[in-house]
């Protein structure tokens, strides 16, 4: 009985205490309007939250198009254990069934969370065990600032500034600035001030976490990203020629800085009529900024940085931390650029005065900095021969220009250690006449304007076929379709003058295999239309059939294919052959406004002098493999190296031809526009070798780009002039790796008039070069001039021997001057010997005994024998006589030339005369 009142007292105290505690606890959960910013905290924050909590909040925006942003206080403490017991979760909607944006616990505050719609669901749960301080977050409407700061710029010049400049910029901004230029206008952007929040622990440039500025070559997130910038380092000057340059500015809710200010202006581009792709790209001049140069490593003392790798720099050069062929120097050109040549130097240490240089290197290129291709020579990686001392400049010219953005030089051998300075040569695609990018890369062409015959899946849709910027590419439904069955089409929006396409393979995606990631098109055709219904193919002017264009050899490296201008609004590309991985393609169309096009003469070949030229275009590892519909039949189109045809119109410009500098120190071919009152071709400049009768005389060599004609011979034409009596000689030699062959020679005064020379360049399995060699003997006055060297497609081969006297082989050859001392100084070791020529013994001064067989004409003998003795007996006798005649004393007279030119074949007793190539003499029978 006594315990009963005591029990009631305890119960009363318990419930009264519980009531007091409940009155002290803040409300847990609710529905909150984010029109006015507010805070949500765990119960009791910053003290330990209670156990057995289950709080739910719904935060909503007043407008359906508004978003909500949550920012957490860094003081965050919720029991760990993988968030099984205590946790806070945020869902992108108004209930527990909405998409989960995050589930958090532990001691690290969650990052900023932004809703996709106008509602967020927040839930906090705790169990009976240990507790912590909990959380505190701020909710508010997510303000992008787009209405205030996003803007398009179309005026010729202007200023772009961060919102509020020069005051600190606001939080939570996402602004877009777009500069739009008219055709043939270049956009130049230069920053005046730059100060954005950055991470103190930032590893490298572009590693921006909080506030940043992205610059795009085109529409944001469509065109290629040029760079991401933050901190206080001012970006260097940018030059864009695609017609659109965009900036996207992002800020978070924390620290704000002063922002940026930049000036832009538009510059009119007018390409020269005789466009040459050989300009220095800016390593020496500084146009390539320091931030664009990087390396695999740098020597530890900090005196041999990548930024010291500029050609002719006076402060050391670049040296890696360890001398290894795995090290590389990298240059980011920022935009797609035609690379035509590379010049290298070593360096002399300012500390030790020792010379270091690279003796050989490999070249790697990429359009995105991720997928790299090693430049190849056939199936093997091309190894460029570089320097022989620390100061010498050596130029390596690429056989075919490469379209790329990122370039790596990877040293292979070196002297004492790796030290490198360099310059890059080339041009932009848009530098050529009527070669504007019409919008695939920049995004000016919308996704709806790109279509295809079929597509594999969303990631490989036609809209993914944008050059470079796409993360994948177009892939048809059937990876091994019939040739010409599949196509990719671009609607340009309005009629344009179309002059070419840039084709690129497809990049790998998450849903494909490694094999499929290397898909590219090897050969293709192009058709065009003004209305989308009536289509015409680009024609081969020689065959009047649809032209079969060469495609890619690597899935990342783009290739330009040009053709005669055509009016078109719709362009289709038909893959004809492709890699084993199937059809994969990215594309850009080149051209200009319909009224802008005009006939021009353009040459994409480099005109810089070089020490070495590379051999055929680089090939991928899979280049020798082919799908079931792909064959290795050689293209019948003549593919001459860029710069072979040359009229030398501009001083110091020799197209793809080069001087032999090792023998050019005593005299130089000079460009002249003063013909001394004598006729010369079309009143143009030309090359001239001249001597005034001095003791040393003159000797010069002019060397062509590499030529590869494995299937059919062609006719080379040129104009020449030779004055100076018997002391003047001009000859043309074919030089291959293991042999040289004399093709054409004159050694007498030709008068003051210009004359035409024509030579058949025979088919040859190996790559070779054509060399013009001119000699004016010691003590002789004379002049040799050359102009307008070109391959002619309208001259029949039977008419391609001019003058005939230049092909006679009984004119003596020079062997280091032997037997010709009175006419040409033997100091000129012109290597006029011909290892493949018919003879070398028969010269007038040799005193060799003449024979009656030496004077016989084998043609006459053959005709008489076959007419007199009948077909069978005549053939037998003719064979014996030919053998005796040709083999006696090497037969270096006109008789051998006659036999070289003709071959007799018997068909049913009839005699047929057939022209053959001038490659082998009859003495080889």
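From the backbone N, Cα and C atoms, a Cβ is placed for every residue, glycine too.
Swiss-Prot lists 197, 211, 252 with the feature Ca(2+) binding site. In the three-state DSSP assignment, the secondary structure recorded for residue 211 (Ca(2+) binding site) is coil. Here residue 211 (Ca(2+) binding site) comes close to 169, 196, 197, 198, 230, 250, 251, 252, 255, 256, 257: these same-chain residues lie at least six apart in sequence, with C-beta atoms under 8 angstroms from its C-beta.
The domain 'F5/8 type C 2' annotation in Swiss-Prot covers 434-592, and the record cites sequence analysis as its basis.
Applying an 8 A CB threshold to same-chain residues 6+ apart, the list for residue 152 (N-linked glycosylation site) reads 177, 178, 179, 180. Under DSSP, residue 152 (N-linked glycosylation site) is assigned to a strand (E or B) in the three-state scheme. The N-linked glycosylation site annotation in Swiss-Prot covers 152 (among others) and is backed by sequence analysis.
Contacts of residue 157 (N-linked glycosylation site) defined by a Cβ separation under 8 A and a same-chain sequence distance of 6+ are given as 263, 264, 265, 266, in order along the sequence. Residues annotated as N-linked glycosylation site in Swiss-Prot, with sequence analysis given as evidence: 157 (among others).
Summarising the annotation, Swiss-Prot assigns N-linked glycosylation site to 629 (among others) and lists sequence analysis as the type of evidence.
Feature annotation from Swiss-Prot assigns N-linked glycosylation site to 833 (among others).
Per Swiss-Prot, the feature N-linked glycosylation site maps to 834 (among others); the stated evidence is sequence analysis.
Sequence-distant contacts of the region 'Disordered' (297-317), counting only residues of its own chain at least 6 positions beyond either end whose CB sits under 8 Å from a CB of the stretch, comprise 283-284, 286, 290, 327, 329-330, 343, 345-347, 349-351, 356, 393, 419-423. Here Swiss-Prot flags 297-317 (among others) as region 'Disordered'.
Residues annotated as region 'Disordered' in Swiss-Prot: 601-621 (among others).
Marked as region 'Disordered' by Swiss-Prot: 820-849 (among others).
Among the features that Swiss-Prot reports, topological domain 'Extracellular' is placed at 23-858, with the record citing sequence analysis.
Per Swiss-Prot, transmembrane segment is recorded for 859-883, and the stated evidence type is sequence analysis.
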197, 211, 252 excluded, remaining Cβ within 8 Å of their centroid (Ca(2+)):
196, 209, 210, 212, 230, 250, 251, 254, 255, 256, 257
Counting by DSSP secondary structure, give me helix, strand and coil numbers for the region 'Disordered' (297-317).
3 helix, 1 strand, 17 coil
CB contacts for residue 252 (Ca(2+) binding site) [other CB atoms within 10 A, all chains]:
18
What is the number of other Cβ atoms found within 10 Å of the Cβ of residue 197 (Ca(2+) binding site)?
18
Per DSSP, to which secondary structure element type does residue 157 (N-linked glycosylation site) belong, with helix, strand and coil as the options?
strand
